[in-house]
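Participant: Below are the structure tokens for one structure; questions will follow.
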Amino acid sequence: MTSFLIGALLCLMGGLGAVTRFVLDTAVKQPWSRIPDNADERTTAIHAFPLSTLVVNIVASLLAGIVAAAFVYHGDPASPWRLVLATGFLGGFSTFSTAINESVTLLRNGKRAVAAANIVLEYVVPLLCVALGWWLAAAL
């Protein structure tokens, strides 16, 4: 595969990943926003928590583990398709910088507990999902 073709596929898959992220983000936000906001502390925290970003990052991390392990255990680790899928699609799909920005915004808005929970979840859960993805792909 030529460098030009790899670059073109990276662009295409990055765009597809971004659109997929938008679709999943919207699908999670719609029911999450239907929870009534009674202006009490609990519901305010629920509405402040960026659940859709966490869900996207969990799915992206699981898929990253599966893709990486699948190429190591069942394919060619140097294959350009690994780059196209992991860097292209999953790079466009995942939202790590968004998660960090949302955490900073929560801190700036005085929602320290929600920000702390988001930071812990955005690091720990995706890490576990990558490990799970490796385990699943190795088991195939």
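Sequential numbering from 1, following the chain as shown.
Even glycines carry a Cβ here, placed using N, Cα and C.
Pulled these features from TrEMBL for this protein:
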BINDING   Gly91, Ser94  Na(+) binding site
TRANSMEM  6-24  transmembrane segment
TRANSMEM  45-73  transmembrane segment
TRANSMEM  79-101  transmembrane segment
TRANSMEM  113-137  transmembrane segment
Participant: State the residues, same chain only, that lie 6 or more residues beyond the ends of the transmembrane segment (6-24) and have a CB under 8 A from a CB inside it; answer 'none' if no residue qualifies.
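Facilitator: For the transmembrane segment (6-24), the nonlocal Cβ contacts are 52, 55-56, 59, 80, 83-85, 87-95.
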Participant: Which residues in the same chain, at least 6 apart in sequence, have a Cβ under 8 Å from the Cβ of Ser94 (Na(+) binding site)?
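Facilitator: Those within reach of Ser94 (Na(+) binding site), by Cβ under 8 Å and sequence separation of 6 or more, are Gly17, Arg21, Val56, Asn57, Ala60, Ser61, Ala64.
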Participant: When DSSP is mapped onto helix/strand/coil, what comes out for Ser94 (Na(+) binding site)?
Facilitator: coil
Participant: Please list, in sequence order, the residues in the chain of Gly91 (Na(+) binding site) that are at least six apart in sequence and whose C-beta is under 8 Å away from its C-beta.
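Facilitator: Same-chain residues close to Gly91 (Na(+) binding site) (Cβ under 8 Å, separated by 6 or more) are Gly14, Gly17.
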